[in-house]
């Protein structure tokens, strides 16, 4: 990585599910042994698919080791998670026996880079400042132990090769175990997914499912009553969370399902009808299923909003409010609500007051900024020279995966074609791709079959792709927050990464924010950027939530004018809160964009 960084610095440029529906009178009964024929489908079709279409190998999330292979089914007097899943019987959790083939499919093998869990700088997380504010903040954990974590979850964490909790996990586990709501603000790549999955699953394994309402009719519409609901802004992030949930629900009574727009709803309905205890969903598709009467939220104990600020930016606020406030979801105070994101400006914190009760605000690290594990380089490149500059960069890079961001779908296609013609293994992902094409492209990139992924904003937030060593902003975004989240695709889980940006006079609207980001992360600020900053009008960085400063990571209850009385202790580790000096008005934002449609696919 150091060698690559030096080379950059010296560049001369300026539904195959076999687990059918189980009738109520047979639920919980031993089932006849059948061969599991839906192993992971790894058919590599080569690279002649051009722009990342159908030529790469299939990664069918509906088959393989997914729901049908090892999970599925409710059970009348008890609760079961399919043939190889555990059961909840007479108030006790009875895990299923271990299955070596299932473990290889779910957790991989230690040398497999696609199942990466930690990096060479993981111990550096011990030095990251953490601040937790609110009443009676629990002491953080320092290692994965039982208690407070459930024993089965600890076994699954070990199988996933997680050796120590990240800062957000150190606090989220005891906070949830103590029945508190949580707003967690943590840097990209800091383990937020485990931050909510670990405590939610641990408590679910201990307490079991809630009793379902009395049946009204033969099968009560085969309605699902999940214990936990996790909402995410995009189908890719939802699928990623689901993949992680499958690891940590292994051998347990909890059956995980995922639903999102852009794919046939019939397959998703069939999965839900077979039982759903933990539901990962995009807001639009979840609204659709609620309207169809296929899901009830009456038994929800845990509500998780991941990438909450992005969901609101995308116009999902009306849909989220409808789900949380207008349907049959367990009310505030009777459920636990967890909000996770890399940024939580004041207006989002104000909105959280409607969803959370007596919550703890957790700020981890340089929130709203970039990781110091990422080396950032900004190069001055005119538009007509970008392809040549890109080839120079790629020639200097030999290992790992490279993620290239462009602003338009047309440019994604054009640049991918150009790279393929230059004999690079490239694929693309953007909003005009079908869901299956996007999944195949991501699978090819994760596996290394394609070493270059050209992407629009569809892949900018939340996706955790191991071994991304280099992020290139071929086109800089107009918003500095988008820049932060783009480059956060590298340097994840303690690993080091390189981020390179092509800058020219057309990027004047991001000058001040970019300068501030580089300065905060102790990165070199090139002279042309300093000159551009001096001549740029105004003094505010261009952020869609501008006006509050970059590090909007403090509890608004501490801000001037907000009532902070009665919140009690504030536990701080290594540092104190930083932040702007004014939070602006406490008003509902009305400019979140169009919320129409439940397909959840039109925003790209």
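Every residue gets a Cβ built from N, Cα and C, even glycine.
Looking up 79, 545, 573 in Swiss-Prot, the residue bearing an annotation of omega-N-methylarginine is 545. Taking 55, 215, 569, 581 one by one, Swiss-Prot attaches phosphoserine to 215. Of the given residue ranges 302-305, 306-309, 310-313, Swiss-Prot assigns the label motif 'DEAD box' to 306-309.
Swiss-Prot gives the label phosphoserine to one of 576, 585, 590, namely 576.
Between 38, 190, 572, Swiss-Prot assigns phosphoserine to 572; no such entry appears for the others, which is not proof they lack it. Under DSSP, residues within the motif 'Q motif' (142-170) fall into helix, strand and coil as 13 helix, 0 strand, 16 coil. Residue 193 (ATP binding site) counts 24 other C-beta atoms within 10 Å of its own C-beta, drawing on all protein chains shown. The Cβ of residue 192 (ATP binding site) has 27 other Cβ atoms within 10 Å, all protein chains considered.
Looking only at the recorded positions 190, 263, the densest Cβ neighbourhood within 10 Å occurs at 190. Taking only the Cα positions, the spacing between residue 191 (ATP binding site) and residue 263 (phosphoserine) is 28 angstrom.
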